[in-house]
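Beneath this line is the structure, given in structure tokens, with notes to follow.
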Amino acid sequence: MKEISGIKVKVESGSKYTTDHGFYAVKDGIRNKKENAVHVRKPDWLKVQKQDSKEYLKVKSITKKHKLSTVCEEARCPNINECWSHGTATIMLMGSVCTRACKFCSVDTGNPKGWLDKDEPMNAAESVKLMGLEYVVLTSVDRDDLEDGGAGHYAATITAIKNLDENIKVEALTPDFAGINENIDKIINTKVDVIAQNIETVERLTHPVRDPRAGYWQTLNFLKYVKQKSPNVLTKTSIMVGLGETDEEIYKTMDDARSVGVDIITLGQYMQPTKHHLSVERFVTPQQFEEYRKVGLEKGFLEVASGPMVRSSYRADRVFKRNNLDL
């Protein structure tokens, strides 16, 4: 169900609709493609328990009241019940419609034509305060329709949070801002603690999986630039597995990430969000995810979060506490 002008309307996955702001978008980001309609039975280790706790309902209420999107909802994250039940959420900035259409992602796609909510930075900061978060993850849709890709708006949100409480740790999982350094600088020049940009998959599968405007080395060069400009900021990336890659390609991707100074990497199982998206090619066992973690630590990452249900922002605060990283 999509809420449009205060009315709940059923919008079919893969179909076009008009947003409250007057522009067209595609539900779940990918048009109806029958050739992708392959259903693969999930193994038992991927089954999730629903937990509509008081904390879950509190987080839902706060984000709705402040007109905020969350990647938890828009990207159909399998961990939404667990995370929200623990009072944490990943806030998705600049609306719920992305200008890019990656073939794994269920976020709606379209052209927002420059629309932005000018109150969002303060609304996000107030929501973080109401949730009592000590560590917050911000992410956003890609906004190629904006001159700076939305970097200024993103930076204003980080600053608003830090102005409310400078002790709150902020992780910014950002777009690539088209690889333009002046845009990346806007994020670096805030008091952000962690900057993440997801590589998503191995080099060979980048264009079959990601939007053509994204790039394997564009992501790596983004992270390299961040580390060169601000060595004390932790850098992070994430890989999905199960899209047709080999373990050798995963290890090569780890090497490439380490070569540009990436500190933290996460690995999780790709799960097809709708029948229109890329099919799952394999389900990786929990034991193999443990092996990925072992290899990653041996390669020099400060931390490796690896497991079937791991997503880039999953338990982000606990990742750092576990290894006592100096935030």
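Backbone N, Cα and C define each Cβ position, glycine as well.
According to Swiss-Prot:
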type    : residues                    : note
BINDING : Cys72, Cys77, Cys83, Ser313 : [4Fe-4S] cluster 1 binding site
BINDING : Cys98, Cys102, Cys105       : [4Fe-4S] cluster 2 binding site
DOMAIN  : 83-302                      : domain 'Radical SAM core'
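Summarising model confidence by region, the domain 'Radical SAM core' (83-302) averages a pLDDT of 94. Residues within less than 8 Å, Cβ to Cβ, of Cys98 ([4Fe-4S] cluster 2 binding site) and separated from it by at least 6 positions along the same chain comprise Gly29, Cys105, Val107, Asp108, Thr109, Gly110, Val141, Asp142, Arg143. The number of other CB atoms found within 10 A of the CB of Ser313 ([4Fe-4S] cluster 1 binding site), across every protein chain shown, is 28. Within the same chain, residues at least 6 positions away in sequence whose Cβ sits under 8 Å from that of Cys102 ([4Fe-4S] cluster 2 binding site) are Gly29, Glu200, Val209, Arg210, Asp211, Ala214.
Each residue in Gly29, Arg100, Ala101, Phe104, Ser106, Val107, Thr109, Val141, Asp142, Asp211 lies on the same chain as Cys98, Cys102, Cys105 and has a C-beta within 8 Å of the C-beta centroid of that [4Fe-4S] cluster 2 site, without being one of the site residues.
Residue environment of Cys105 ([4Fe-4S] cluster 2 binding site) contains 25 other Cβ atoms, counted within 10 Å of its Cβ in all protein chains. According to its DSSP assignment, Cys98 ([4Fe-4S] cluster 2 binding site) is in a strand.
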